[in-house]
Amino acid sequence: MDTEERTANDPRCTQVTVMKVANIAFNMLIFIITLALCSVLHMLLRPYSQPRIISEAIVGFFLSNLPFLRKNFNDDANTALGYVAEFGMICHMFVIGLEIDPNIFVRIPIREAKVACTGLLITFLLSLFITPMLHLSYEPSIAFDVTVSLVLSGTASPLLTRIINDLKIGKSDIGRFLISTAVISDLISIIVLTLGYIVFDPLDDFAFRKVRDILLILAVLVIQTILAAKCIPFLMTWVDSHNPQGKLMKGPHLIVSIASLVFVCSLSPWIAHFNMMLSTFLAGIVMPRDGRLSKLLTGKVKYFFGLLFFPVFMVWVGFQVDFSEFESHNLFTWASIAFLFAIIVGGKVFGSIISGIMLGFHWQDSVAVGLLLGIKGHFHIFMVLLAEQRNISSSSNSSAIVLVCFLTFIYAPMVVKSIIKRARKRSPTQRMALQWLNPSNELRIVLCIHGLENIQSTINFMEISQGPEEPQMTVYVNDLIELTETVASTVARGEGVDAMTITDVGVIEMRENITNTIQAYVNDHCEGIDVQRTLTLCPMATMHHEICTLAEDMLVSLIILPFHKNQQPDGKFNANHLAFRSVNRKVLRYAPCSVGVLVDRGLGSNQLTGGTQCIKTAIIFIAGKDDREALAYAGRVARHSGVKLTVIRFVLDTSGSNTSSRITRSRANTVEYEEEMKEDDEYFAEFYDRHVATGHVAYMEKYLLNSGETYSTIKSLEGEYSLFIVGRGERVNSTLTAGMNDWEVCPELGPIGDILSAPDFSTTASVLIIQQHKLRGKLQGLHEEFSIM
């Protein structure tokens, strides 16, 4: 029997193989649990705006310091994890360098450079003065103290950029300023570290290198830089020319490109034994950022980092930082943590205040900038653990520095929240809604139409919406035309770069008829309306975006959308424009202003002028901001001589002893309900004094107990009015509409609008459903491009 057969039949070898497989399975299970726990904890911390690195650090530190896990996590797995961490940091440094614009060396942003240099210099000097007293290394070493001072002086620009973008201030002036300043600070600290590595050898107790070795490193770095800046762009251009956008990149081209990048980045470590992380960083800076390959690599690496590397890195950090060896009983350990944290925060804040005084910044902005520039990240933690691995620093001191790095990014969300709070006070939100429109300001409306069938209702809507003669009203009559293949074939380039002209005869005639009809009405019957014609020509999937962009560019307060069904002469609805239902829903969701949906069932049957007294209009007011917006629009309608307006207020009868009344009384104790009711009462009282008390508007109240009585009351109004104005239904704990959402046919109309527009309701009563502008996003209405500095 030969050796291979004996080995295969040996029970001990089989047992060893089984143990190895079990260890691999155990390690994989730990990584899966880590990823799952990171995601769960991040979801739990999301309401507190904590960055994902917080959850990754907590899970990594907790799991890796469990005694059971440490006991069963063998040395081979720990070594492999260290290789993964080192490889990940190499890719991390390459992406950092790739995202830095090399033009920063030519056109240095002066303000950002002043703040970065001042904060970095003061922090470095403080650290260089204090850290020798903390005895962070086994033996006193000036070179080590300088290295630690550089690490403490730097800023984790990728992490800070990630936090700023996640908290939605990346487009603001202070967000852009912070990102640029952090990049400059990171760049300076790493370049100084690189120069120190060239002169001193950290593998030989930071001894001076020989002149020959220094010249060799410099020569290889120069060659590497030339190759990265001159040769790699030619390769990338060639790859891009053979791999157009929209198609998968060819495998051989991808392999050759990556191999070339690896060769260039490995040149100085291979020949001159230079540090691989610093080498990839320097090569990434001079490589082109544009091109498909660069974007592909950056995107893939970032995705890999966010999904796998960062959680695994924190587990590795937890294994390196053994908290069982942390000298928590020693007061000097806690004093070291306090002093290190004070060095980072104090140096950055003091430097930002000094530079802020020179640049004319507000002191609060300078403090916020200094606090955020003190953030440390993965690179700084890796450098600390590298010192421990090479027996330069003790495990307890390394744990202390890692904890300090952890503390620097915990307070970041609170600082950003304070920035947003101050920005909101300085730049109040411009809520694009009728309720908040200053009476002295011009009213702007976008009136969307599908075709000639909407023209008469459009004219009558403009007529009743005029309000007072001063200021005048601007109406953008917007034709909604789907860009089909037939229409696209008739589109020709007009004058100008982006100008397009439709040559389809049917579309041209339709638009001319609409324009002539509207212009004839404006010339004959009114002088207070400025009508402008617009066109939305695009596929249905993006039509809502074009409508919202038009409204945002024109600063309108109200968008009016036609219902996706048209009423036929027999009273039934057709489905000619069924595809527009999705457009209406998306506009209601994403609109930058208030939105109204007009269900036309007779509003456009006759020409309405100031001399006619034919339109009996009712507004149903229950509660909530949408109803207040409908009331605001009704205030304009009330001034028209051809409209007889009645306000019908549905009031909840809480005097009864039924179940719904008891539930309502319990709901009324909530703060949100009380604030909503108070705002409703105040706004309605103002409307009552202005319109009802003066005799322009009729008023009635309906005391109801539940949603069933609401439905029956609405049905009893059938045939009495030609136009109903209602809110879509953004209400807080409204018992009068509870349960109605369960049987809505068209949820986009809201519960009341859905009843009024149903086929079994009056076929002669048009309905206008209004939704007030929704303030969206974590900034709660503050524009993302706010200015505060």
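Backbone N, Cα and C atoms are what each Cβ position is placed from, and that goes for glycine too.
Caution: TrEMBL annotation is automatic and unverified by curators.
Annotated features, as they stand in TrEMBL:
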type: TRANSMEM; residues: 24-45; note: transmembrane segment
type: DOMAIN; residues: 34-420; note: domain 'Cation/H+ exchanger transmembrane'
type: TRANSMEM; residues: 81-101; note: transmembrane segment
type: TRANSMEM; residues: 113-136; note: transmembrane segment
type: TRANSMEM; residues: 142-165; note: transmembrane segment
type: TRANSMEM; residues: 177-199; note: transmembrane segment
type: TRANSMEM; residues: 214-236; note: transmembrane segment
type: TRANSMEM; residues: 301-319; note: transmembrane segment
type: TRANSMEM; residues: 331-354; note: transmembrane segment
type: TRANSMEM; residues: 366-387; note: transmembrane segment
type: TRANSMEM; residues: 399-420; note: transmembrane segment
type: DOMAIN; residues: 528-605; note: domain 'Cation/H(+) antiporter central'
type: DOMAIN; residues: 617-773; note: domain 'Cation/H(+) antiporter C-terminal'
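Under 8 Å from some Cβ of the transmembrane segment (113-136) lie the Cβ atoms of residues 144-146, 148-150, 152-155, 181-182, 184-185, 188-189, 336, 339-340, 343-344, 346-348, 350-352, 354-356, 358-359, 369-370, 373-374, 393, 397, 401, all in the same chain and six or more residues away from its ends. If you look at the transmembrane segment (81-101), the same-chain residues 6 or more away from its ends with a CB under 8 A from one of its CBs are 157-158, 183, 186-187, 265, 276-278, 280-285, 287, 289, 294, 297-298, 301-302, 304-305, 309, 312-313, 315-317, 319, 378-379, 382. At the 8 Å Cβ threshold, with sequence separation of at least 6, the transmembrane segment (331-354) lacks contact with the transmembrane segment (301-319), having fewer than 3 such pairs. Secondary structure of the domain 'Cation/H(+) antiporter central' (528-605) per DSSP (helix as H, G, I; strand as E, B; remaining residues coil): 25 helix, 25 strand, 28 coil.
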